[in-house]
Amino acid sequence: MSGLSESAQLVKQALEKRGLETPMVPNQFSREEKKEKIEHHMREILSLLELDLTDDSLEETPRRIAKMYVDEVFSGLDYQNFPKITVIENKMNVSEMVRVKEITLTSTCEHHLVTIDGKAAVAYIPRGKIIGLSKINRIVRFFAQRPQVQERMTQQILVALQTLLESDDVAVTIDATHYCVKSRGVMDATSETTTTALGGIFKSNPATRAEFLHGLR
């Protein structure tokens, strides 16, 4: 894990220890090499679908997809992109719940590679450390930017924050629409999936759990 920030290393190790890391097999290709190979294979796929890649609307599509995969929608597979984290000592002795809700996220279902569109809410009880509020949103986005299942993504965000805050007292919930359900298969356009991950006092204390969940309404 040479070259990774300390925060990225700690989070990656914590997820691997708990069996929550996204299934990945490392390779030695650079970002540009990955784009070149993805572009080549995407060109083959689109040609097999009988699309005319000489058409001016389609000729750059394989390159666009390759760039999008590596630099954007799957950028969370690379821990070099893990956000820079600011954690400060809790000198103010803040002890009440900190909740961030309505965090928008766009991810990709790892089964069909179509969109997961949703919102997350995250809360924690400050102990020894406090995290910059924007960092919570960035952590959510990092784990959304990879092929995912919603249950794992919820747990990954929880463990990442527990690791960085050095506290179990974290809660995460995600409400999302899965386009593998909406645009194919059963084609249910209105259903949403909710997943929740609770740690520490959020799991052991019904009143704290209720305060978190009630605040999401």
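Placed from the backbone N, Cα and C atoms, the Cβ positions cover glycine too.
The Zn(2+) binding site annotation in Swiss-Prot covers CYS109, HIS112, CYS180 and rests on sequence analysis. When Cβ atoms from all protein chains are considered, those within 10 Å of CYS109 (Zn(2+) binding site) total 18, not counting its own. According to DSSP, CYS109 (Zn(2+) binding site) sits within a strand segment.
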In the chain carrying CYS180 (Zn(2+) binding site), residues 6 or more apart in sequence that have Cβ under 8 angstroms from it: CYS109, HIS111, HIS112, VAL114
